[in-house]
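Undergrad: Sharing a structure with you now.
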Amino acid sequence: MSNQVIVTNISPEVTEKQISDFFSFCGKVSNISTEKSGETQTAKIQFERPSATKTALLLQDALLGQNKIQITSEDGGAASTTDQGGAGGDQAARQEDKPRSAIISELLSRGYHLSDVTLEKSIQLDQSYGVSSKFKGILESALSGVRSVNERYHVTEKANEVDNKFAISDKLNRTSSLVSTYFHKALETAAGTSAGQKVQNAYEDGKNQLLGIHNEARRLADAKNQAEGTASPASSTPTAPAEKEPTAPTTESKTTE
């Protein structure tokens, strides 16, 4: 599969940077070009890794500006579901290595509007193939940045609990987070349909691990911000993800109808 996707039906007011920021959640963008196509825009986006391309293909019907975008791979192929995020176990974890549900959650937390189909597919893929071992390295990377303030914030003790508690029942108490709220809203919307049942089954099986990742990552990031005196309110403008540092939802988002 090509590392390039073609995105059509983009609202004319959307800038190239905004397009790049949006697709950077999928992985590193190596090149982007746009051109006018009637009353809309078409963009060609080249990713560094194939796994980012496959994640991008999940974002069909997402809103960029006022329009629902359409996404195809350069070779016209459909998204593959056979990879778990990138090869090369000795390389540092990247955005592409995150579970696709985590990437979708990040997009929602930044104010982007995604379809329920995108949510369903991301959960199903993560349920089928699990969480990349390299993604767990992201938590360790975040931890390394706050070890200098460990005595004050006891961050290490908290972080060391992560691997052992992903599947423990007390993680269910964290379902008041945005991720859980959004998932439940989506499930309610799809209630009574076969698709809704599939999403619910996949979600119920996998939510402990996903919520554990998000909440522990958020706690580490917050502790780091407090220690460095850099904590600030979440921006209302969607922005690209910071490299190598996990983020979790902090503002309310909703799905498209």
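A Cβ is built for glycine as well, from the same backbone N, Cα and C atoms used for every other residue.
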Undergrad: Can you tell which of SER73, SER101, SER132 Swiss-Prot marks as phosphoserine?
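TA: Swiss-Prot annotates phosphoserine at SER132; the rest carry no such entry.
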Undergrad: Can you dig through Swiss-Prot and tell me which residue of SER30, SER169, SER177 is labelled phosphoserine?
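TA: The phosphoserine feature in Swiss-Prot corresponds to SER177.
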Undergrad: When secondary structure is assigned with DSSP, how many helix, strand and coil residues does the domain 'RRM' (3-76) contain?
TA: 19 helix, 32 strand, 23 coil
Undergrad: Tell me, what is the mean pLDDT of the domain 'RRM' (3-76)?
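TA: Summarising the domain 'RRM' (3-76) by its mean pLDDT gives 94.
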